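Colleague: Structure incoming, see below.
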Amino acid sequence: MNSSKSLRIVFAGTSQFSYEFLYALLESRHVVVGILANPDRFSGRGHKIKFSPVKKLAKYYNIKILQPDSTESLDNLENDLKKMRCDIIIVVSYSIILSKKILSLPRLGCINLHSSLLPRWRGAAPIHRALQSGDKTTGITIIKMNDEIDTGPILYKRVCSIQDTDTTETLLNKLSIIGKAAIIQLLHQISIGKYNLQYQNNSIATYAKKINKKEAKINWNLPAINIDRNIRAFNPWPVSYFWISGKYIRAWKAKIDINNIFISDPGKILNVNSDGIHVGTGKGILILEVLQLSGKKRSFVKESLCLYKKLFITGNIIQ
């Protein structure tokens, strides 16, 4: 029986999603010897330095952190990485592209956990695009990295169903759970040399382009089902929005009126009640349930019904 060996890992990531994987690795038998994270950001009126979730965790565990701001600056850190003597680099939600030079450093190569079932939704926003497209399933794919984006051979894949109420936030949570288990299992397989590579079928690949904030403005000419998908895709960022009476409103949650699926009255306020704000679309009625006025906390429409009845007057058109 082959015994699993402890691997020396350099972890590349920045976000809260990445943080969950780093924590799982720190709790495993493997050793995280270095971190690649995005540069610190300045935040708030005081322009204070804001550390990423991954950097905070790395500092707590006293792990060496490298923060290049480009592929070129990462290449310049080649000697620093060599000194770490890592067996493998694990990439989870990291924005800087690794060059051939960096990819060739670890003896076991570099692997990337991607939040889709590759080759579907290669690129920067796979969860958002899966929700917008009405996909019924998504998942995680772990690939052996090459010098192209998300095209490397597949090492591990796990499927996750998408519910009609899922948002990007809820799917990230689901994928984090299955992804952490997958990473640990795959590392065991790699450490004993028992793993398979499956090459991707490029002919069925789709691309998930980066989210632009302008996409979040609600287009009431779309069918209700598409607006609902967008609202869920853009939760928690950049958050769908619209304007009414000169006020900027964020839409966090909505549902489709299944009893009126053929009505076409884009942007028209049809009713305001404890169920929500009923708005006509290109096809069907969308019921806005959770909104956020500028400078206020988000709230259910039914919790602030008097306020919303003054703002959303039946018959008016939302911009």
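Cβ atoms are placed via backbone N, Cα and C, with glycine included.
Swiss-Prot feature annotations, pasted as is:
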type    : residues                       : note
BINDING : Ser116, Leu117, Leu118, Pro119 : (6S)-5,6,7,8-tetrahydrofolate binding site
Colleague: Around the recorded (6S)-5,6,7,8-tetrahydrofolate site, report the further residues of that chain (criterion: Cβ within 8 Å of the mean position of the Cβ atoms of Ser116, Leu117, Leu118, Pro119; site residues excluded), sequence-ordered.
Modeller: His114, Arg120, Trp121, Arg122, Pro126, Gly139, Thr141, Asp150, Lys157, Gln200, Ala205
Colleague: Helix, strand or coil at Pro119 ((6S)-5,6,7,8-tetrahydrofolate binding site), per DSSP?
Modeller: coil
